[in-house]
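Taking it in order: structure first as structure tokens, then the write-up.
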Amino acid sequence: MSTIPTSGHIPVMLAEVLEMLCPRDGATYLDGTFGGGGYARAILGAARCTLWAIDRDPAAIRRGQALQAELRDAEGGMRLHMLQGGFGDMQGLLAESGVHSLDGVVLDLGVSSFQLDEVERGFSFRTDGPLDMRMGDTGPTAADIVNTMGESDLADIIYEYGEERMSRRVARAIVAARAQAPITTTFQLADIIRSVVPGDRSGIDPATRSFQGIRIHVNDELGQIVTGLEQALALLAPGGRLVVVSFHSLEDRLVKQALNRAAGRMPGPSRHDPRSMRAEQAAPDFRLLTSRALRPGETECRANPRARSARLRAAERLAVPDTQNSTHNNTSPQERRP
């Protein structure tokens, strides 16, 4: 095990991620969401491996470059390589550097703790900052969206991505408020939402779901997940593993569906769905390492409340397609511990 400089950033479910990824010497891995570098440090510390890391946030790239410098000082070599961009573009980004196959991929979905804590990024309604919400430094901001989007479209993204039942009411209030003055800060938007969405016994701030919906739209987060999962699975060599940590039901649903498809665990044929009545399906190339999503323990949740909603799923590319676990045989493959 290597000695890697430590960081104050504590990634969610780190022990479980490492157990599922099972880093080994000489292998090549990808951290598709570098963020604070917590997973990257742990992977590099667990084995003498090479790690490529992607993030679209310039601040994350700077943190990665600082870690590169620390590693050079500590080891005299270069095992960490940083790439700026979205993980949904991982194949193209890696191909430009001559990388076409990986032994493992880790994805930590959603907004990072650093982004939430940096007031000027405009992700949080708990502090007043500019209404930005971009994970990168290009594209429309949240302020652009809430001040220009039509009421119906605004309601749709808040409902679909934020799962806010009162989305129509929220959109109407936003449109009425912006007619008086532009909405430019997180406090402004949060107050508008709270004026029409009552609190409930859960203690969740009434602005939470609407902020989530707008943020997901601004960053095309679900689109990134769909393409990122597809590309990650395609890049994995036999024995390669994909480990994904998600934080809300929309993310977890996409991950579950993608991994189940890869492992051949799709619903059986139905006479009500002609598309399902196919005579034969190709043997799956993957097996699930998690029959259901893993969740953080209570100790971790007490130490880091943001971990409470985390879900981890993982899969491994098989050396030989599994002819015993076709689409028409939905028996779960026996889990093996890494």
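Each Cβ is built from the backbone N, Cα and C atoms, and glycine gets one as well.
With a 10 A radius on its CB, G38 (S-adenosyl-L-methionine binding site) counts 22 other CB atoms from all the protein chains. In three-state terms derived from DSSP, G38 (S-adenosyl-L-methionine binding site) belongs to a helical segment. What Swiss-Prot lists as S-adenosyl-L-methionine binding site is G37, G38, Y39, D55, F87, D108, Q115.
The region 'Disordered' annotation in Swiss-Prot covers 261-284 (among others).
Swiss-Prot lists 299-338 (among others) with the feature region 'Disordered'.
The feature compositional bias 'Polar residues' is assigned by Swiss-Prot to 322-338.
The Cβ of Q115 (S-adenosyl-L-methionine binding site) has 22 other Cβ atoms within 10 Å, all protein chains considered. In sequence order, P11, L14, V17, D31, V106, D108 are the residues of the chain that are 6 or more apart from Y39 (S-adenosyl-L-methionine binding site) and have a CB within less than 8 Å of its CB. Site extent for S-adenosyl-L-methionine: among the recorded binding residues G37, G38, Y39, D55, F87, D108, Q115, the largest C-alpha separation is 17 Å. Close to D55 (S-adenosyl-L-methionine binding site) in the fold, though at least 6 residues off in sequence, lie T33, F34, G35, I61, G64, M82, Q84, each with a CB less than 8 Å from its CB.
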